[in-house]
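Engineer: Pulled from Swiss-Prot, these are the listed features:
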type	residues	note
COMPBIAS	1-17	compositional bias 'Basic residues'
REGION	1-102	region 'Disordered'
COMPBIAS	67-87	compositional bias 'Polar residues'
COMPBIAS	88-102	compositional bias 'Basic and acidic residues'
REGION	100-343	region 'Interaction with LNX1'
DOMAIN	107-306	domain 'MAGE'
REGION	313-343	region 'Disordered'
COMPBIAS	316-333	compositional bias 'Low complexity'
COMPBIAS	334-343	compositional bias 'Polar residues'
Amino acid sequence: MPRGQKSKLRAREKRHQARCENQDLGATQATVAEGESPSPAYLLFGDRPQNLPAAETPSIPEALQGAPSTTNAIAPVSCSSNEGASSQDEKSLGSSREAEGWKEDPLNKKVVSLVHFLLQKYETKEPITKGDMIKFVIRKDKCHFNEILKRASEHMELALGVDLKEVDPIRHYYAFFSKLDLTYDETTSDEEKIPKTGLLMIALGVIFLNGNRAPEEAVWEIMNMMGVYADRKHFLYGDPRKVMTKDLVQLKYLEYQQVPNSDPPRYEFLWGPRAHAETSKMKVLEFVAKIHDTVPSAFPSCYEEALRDEEQRTQARAAARAHTAAMANARSRTTSSSFSHAK
């Protein structure tokens, strides 16, 4: 290709890119102007489309329609919050308006499609490329690719506890990474390919915010708000009651026990030893804060408790390292002494 034509082609590509960036900025500004926050909403999926071709755009499930309404999703009971209190009617009205605004945003239909596309890729462990996302989902809205991918990634993070990251910036390949140090997903069978870290993190958050022990009904109340019901099979989590009261208990991430002296018997959830070992109160609080679109310090008492927990963990790690070093030195001296006596 002649040099002049190459220059014109590059100039045309730059103009197209600038036009796309301006459109993305305009879309974001319009969203804010309408009163809808562009920050992540907690996306729990409703009914999964049956045999959905990747190229189709599904209708927005009921559970998605209220996606922005997250401020009361995991309401602190034991932990006081700095956020201003308002009446329940005002909150409900605001949530309804947010839900309507979310549905009216045309980009969110693409977000829903992309989330389902990513779930299919996760289940089949097929490579994820920018080209495929544009070809099968984004299509004519490729100018908004970055914004759509950002929203979909945030929903995947909060719902499933996984991060979507670009691993090959040249060929634009993407891959999923576990957000936390939890190893629960490594223990699942081949049939259970969807991670349940998000469900576990919700439960751990409810427990922590309820003074480190949460009544069973309080946990299910939160789950219900997010479209997860104990007596209804969920297409991501399967049998939620079994996952919560058996699977996660057997794996020692949760403890499920009868409330002492309760008659009729009532049950409660606590953190299991594996949860204490593999995550921390600060990580869980950060997860909860992200759901609320705020910062951990917005929950002062829980934040202080999480800071104390972090300090204790730091001291424990330092003590463990010191003990390991002392043992190594002792073995070294013993070996050296034995060698000297042998001479």
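Cβ coordinates are placed from backbone N, Cα and C, and glycine is handled just like the others.
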Engineer: Using Cβ atoms and a strict cutoff of less than 8 Å, what residues sit near the compositional bias 'Low complexity' (316-333) while being 6 or more residues removed from its termini?
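Structural biologist: Distant contacts of the compositional bias 'Low complexity' (316-333): none.
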Engineer: Looking only at the compositional bias 'Low complexity' (316-333), how are its residues distributed among DSSP helix, strand and coil?
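Structural biologist: Counts, helix then strand then coil: 18 helix, 0 strand, 0 coil.
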Engineer: Just to confirm my parser: what is the rounded mean pLDDT across the domain 'MAGE' (107-306)?
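Structural biologist: Average per-residue pLDDT within the domain 'MAGE' (107-306): 88.
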